[in-house]
Amino acid sequence: MNVFRLAGDISHLLAIIILFVKIWRSKSCAGISGKSQVLFAFVFTTRYLDLFTSFISIYNSVMKVVFLVLAYATVYLIYIRFRGSYDKENDTFRVEFLLIPVAGLSFLENYDFTPLEILWTFSIYLESVAILPQLFMITKTGEAESITTHYLFFLGLYRALYLANWIWRYYEEGFLDQIAVVSGVVQTIFYCDFFYLYFTKVTIHVLILPSPCHLLIPFFS
C-alpha cells in the first residue's frame, strides 16, 4: 500500500458516497445515468468474487464489501426507490456496444484462462468504459448539476491516482500490470475534457460538454 493507492481508494469511495448522498437527500436521480451505475455494479461484482476464495487484508475485504453495497444501493435508489425521477429518455446509451467487445476481449487477453481470472479481466476492461453512458447523458442534456460534476471529478481523480500508483510500483517494486495500466489510461483519457471543463465551469454550477461530443448521440441512442 502506498500513498497514491490509498488516496485513489479514498477518492473512489468519496465519488460513490457523493452520488449516493445526492440521490438520497434530494430524493431524485435526475441527471444520473442508471446504465453507468449498473455497469459499475457489474464491475465490482465480477472483480470481487475473490472475497469468497482469498483473504488479503481486513482493509481490502472491507473496501470490497463497501463498494459492492454502495453500488447496488445506488442502483436500487435509481430503479426502484426514486424511479419516478429517473430520466430514462436521456439515458439511451446502447450498453451492448460496450459489453460485447469487453466480454470478447476478456476471453482473448487475460493472464490465465480460468473463470475467476476472466471475470477479473472483464471487470478491468468494463471499468474503463463504464462511465460513458453518464458522460453521454450529460452531453445529450447539455449540462449537469454541480454535485454530479463533483462525483465525476473524484471518479476521474481516483483513476489518475491509480496511474501514479502503478508508476510508483513499477519503479519501486518492478511490478507492472499491463491490462490494468492500459485500461486505466483509456479511462483517464475519457476524463481529460471533463477535468478542463470542471475547473472552468464548476464555479457557475453548470457543466457543458464540448459540442463535438454530440456527434456520438445518433450512433449510441
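Here the Cβ of each residue, glycine as well, is placed from N, Cα and C on the backbone.
Outside the transmembrane segment (6-24), and at least 6 residues removed from its termini, the chain residues within Cβ reach (under 8 Å) are 32, 37, 63, 66-67, 70-71, 73-74, 77-78, 82, 145, 147-148, 150-155, 157-159, 161-162, 164-165. Residues annotated as transmembrane segment in TrEMBL: 6-24 (among others).
Same-chain residues lying 6 or more positions outside the transmembrane segment (36-56) and placing a CB less than 8 Å from one of its CB atoms are 19, 64-65, 67-68, 71-72, 74-75, 78, 95, 98, 116, 119-120, 122-124, 126-127, 129-134, 137. Look at TrEMBL and you will find 36-56 (among others) tagged as transmembrane segment.
The transmembrane segment annotation in TrEMBL covers 62-80 (among others).
Residues or ranges marked as transmembrane segment in TrEMBL: 120-139 (among others).
Under the heading transmembrane segment, TrEMBL lists 151-168 (among others). Sequence-distant contacts of the transmembrane segment (151-168) (same chain, at least 6 residues past either end, Cβ-Cβ under 8 Å): 2, 4-5, 7-9, 11-12, 14-15, 18-19, 22, 131, 134-135, 144, 176-177, 180-181, 184-185, 187-188, 191, 194-195, 198, 202.
Positions annotated as transmembrane segment by TrEMBL: 180-199 (among others).
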